[in-house]
Amino acid sequence: MSQTIDLTLDGLSCGHCVKRVKESLEQRPDVELADVTVTEAHVTGTASADALIETIKQAGYGATLSHPKAKPLTESSIPSEALAAVPHELPVATADEESQQLLLSGMSCASCVTRVQHALQSVPGVTQARVNLAERTALVMGSASAADLVQAVEKAGYGAEAIEDDIKRRERQQETAIATMKRFRWQAIVALAVGIPVMVWGMIGDNMMVTDDNRSLWLAIGLITLAVMVFAGGHFYRNAWKSLLNGTATMDTLVALGTGVAWLYSMSVNLWPQWFPMEARHLYYEASAMIIGLINLGHMLEARARQRSSKALEKLLDLTPPTARVVTEDGEKSVPLADVQPGMLLRLTTGDRVPVDGEITQGEAWLDEAMLTGEPIPQQKGEGDSVHAGTVVQDGSVLFRASAVGSHTTLSRIIRMVRQAQSSKPEIGQLADKISAVFVPVVVAIALFSAAIWYFFGPAPQIVYTLVIATTVLIIACPCALGLATPMSIISGVGRAAEFGVLVRDADALQRASTLDTLVFDKTGTLTEGKPQVVAIKTFNGVEEAQALRLAAALEQGSSHPLAHAILEKAGDDKLPQVNGFRTLRGLGVSGEAEGHQLLLGNQALLNEQHVATDDMTAEITAQASQGSTPVLLAIDGKAAALLAVRDPLRSDSIAALERLHNAGYRLVMLTGDNPTTANAIAKEAGIDEVIAGVLPDGKADAIKRLQSQGRQVAMVGDGINDAPALAQADVGIAMGGGSDVAIETAAITLMRHSLMGVADALAISRATLRNMKQNLLGAFIYNSIGIPVAAGILWPFTGTLLNPVVAGAAMALSSITVVSNANRLLRFKPKA
């Protein structure tokens, strides 16, 4: 029997989160209908509450059983789709959904990531935990305290430190990175300083075989190697021991087993040679030292490359000046940035970096906003214009009043979005995570199985071949490359996108954006400037142009429609008559009474509905619409009086940007409420493939659904509040930077500059990032799938050769360095114009 279960949700921040939860629930055969918003879900079907909660958790979110509450009438009248698109509080996280940032230590591979993530998610109050191997950080959403999170990580065998803000995080991360690189460097030098001479000496003269004559010398070398293993490789053994105590296995486990077994075998031969046949008295001290040295060297180079990958975010952090010039009654004074409060008056002069967001109250200046928006051309700002923290005054001097400070500035929001995106995982990375979770135990099993085959079926001396095979398999396997493949590409790709003024909400957005084939553009404010202008006025039935404009403007005083602003601007400062009985007729226009006349102002459908003859206007309506203008018709006392042609010009770069997207293979669609004739004229001018005209605001999401039902992968590009449901419905929502907060918070990708070139840049970076990610994953898979069988001796029957454990150690280190270096290529990526 069907029932409706009410759930309270955690961790949802946008329309796409809502869509993912809804799809996850409705994929269950025991669910008939799922109504989901950002805070709750109402699920109808035969599924149990526990099963539904588990499904939501598998989708990456939190859920608890709630008691149904009656909705207020005002809320229930709003479409659920629109509610789903609007988060509780746009600029900052809600109090119940705080984020904690942790700096981690002791992680070496993807198995460590899985272990830490499970530890964090098991803490009560945690709704979502993202662990980033590349940056050694964790971003935790929920109400859990920092102390509980740190304790959970330490209990799992790793180190953690709570970071309160980005400045402190950056300082500690740099300190840790520099200290780590120095430690890996001297550990590599010490290990290689011992390993290389021993290996060269053994190859030239002694052939690594123990005899009565050199036994004491080899014993001394063995003890020196042990010291190297303790001081230069101690972290491998400590981490492996912690993992063993926690019932897990990591890359450190493989290194510890491989080098430990090689040293123990060599020392056994050294101390009790009589137990081994003459041909089995081969020593592998140099292998232990060389492997530790090479892997430490690889870690050092990897850490250096990881630092480069974070430089885009560090550039954003550098944009904020340490002080600000505050203007008071006593004059100007320089104060620390932390002391600036909203409402304070501040001064900017040439060369200054803007400290906080605000509005100019006096003066004019040219501001360089390139680092914030990707727009290279300086912008002129004057009284009433907004300024944003991080931008630079190139010329001029202004006074401005602070409106947003600290974590509430646009720059802080950008940094927060970039960091969250860099910590996220795309769907393609989930395969690597699943493999990594079982990788080390499987490798150990392969090593033991291979060793057993060589022991029972291999040539003499079996014990030597068994040792070489087991050690080489353990050493060559590299879960580190698998673990780094996805996050390194994400960090580099998201950081590079930020440099072009493209903000990505999460890694999934990048992956989805790389598979798009259809781009849907809202017309007003997206393709066009969003500043309509009256370009022509035609009058009928003896009405004068001035009278028609005055009456039309009077009616539009009560309207918030963009076309109303154009008519009011055309009327200028003329004194307008009082309007009585004003009404907005949805989708048609407005009506009212002024100077004793009954007035109608709107589209042709309005006049037809009110039985106003428009035959005299038909030719002019067609002519204006064919030129891309929107005809606004005025009727006075039931007679056609005037046609006002309103045109919203295309953005200066729209045609070039659309041509670039068209050449990239996308199908371009325009979504507009205009009549088909006007819409087609604009589409022809812009180079649009398909037009969906006459769409009311609440029908945009349905239009997107229809395109998706045709099998298309759809992106919606918009900027207004009424675009929010469509942005949430699309596979990828792209919001223009000048748009509403609702649109920006709903979108998966936000463009900080008012240019469609940003759409092309965003999609190009998305494709490049996914391509880079696939290269990294494929490289890591190929390396392990070829390296492990070769290490197990698969080539022996054909070539009679085995892989040296030292070569295996070098290959392992090289695989991680290759992944990181390939990801760093994204930092130099430039979208083709």
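Each residue, glycine too, has its Cβ placed from N, Cα and C.
Annotated domain 'HMA 1' per Swiss-Prot: 3-64, in sequence order, evidence recorded as sequence analysis. What Swiss-Prot records for C14, C17 is Cu(+) 1 binding site, and it gives sequence analysis as the kind of evidence. Annotation source Swiss-Prot lists domain 'HMA 2' at 98-161. Per Swiss-Prot, the feature Cu(+) 2 binding site maps to C109, C112; the stated evidence is sequence analysis. If you look up Swiss-Prot, you'll see 186-206, 217-237, 253-273, 283-303, 437-457, 463-483, 778-798, 800-820 marked as transmembrane segment, on the strength of sequence analysis. Here Swiss-Prot flags D522 as active site, 4-aspartylphosphate intermediate, drawing on a curator's inference. The Mg(2+) binding site annotation in Swiss-Prot covers D719, D723.
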Least Cβ-packed of the recorded positions D522, D723 (other Cβ atoms within 10 Å) is D522
Taking the transmembrane segment (253-273) as the first stretch and the transmembrane segment (437-457) as the second, find out whether 3 or more Cβ pairs fall under 8 Å, excluding pairs closer than 6 in sequence.
yes
Euclidean distance between Cα atoms of C112 (Cu(+) 2 binding site) and D723 (Mg(2+) binding site), Å:
42
What Cα-Cα separation, expressed in whole Å, is found between D522 (active site, 4-aspartylphosphate intermediate) and C17 (Cu(+) 1 binding site)?
22
Best-contacting stretch, by C-beta pairs under 8 Å, relative to the transmembrane segment (800-820) and drawn from 186-206, 217-237, 283-303, 437-457:
283-303
Cα-Cα distance linking C17 (Cu(+) 1 binding site) and D719 (Mg(2+) binding site), given in Å to the nearest integer
20
Express the distance between the Cα positions of C112 (Cu(+) 2 binding site) and C17 (Cu(+) 1 binding site) as a whole number of Å.
27
Of all the binding-site residues here, C17, C112, which one's CB has the most other CB atoms within 10 A?
C112
Stretch in 186-206, 217-237, 463-483, 778-798 most in contact with the transmembrane segment (283-303), if contact is a CB pair under 8 A
186-206
Would the transmembrane segment (778-798) and the transmembrane segment (437-457) count as touching if the test is at least 3 Cβ pairs under 8 Å, pairs 6 or more apart?
yes
For the transmembrane segment (217-237), what are the same-chain contacts with Cβ under 8 Å, counting residues 6+ beyond its ends?
186-188, 190-191, 194-195, 198, 210, 252, 255-256, 259-260, 263, 266-267, 270-271, 283, 285-286, 288-289, 292-293, 295-296
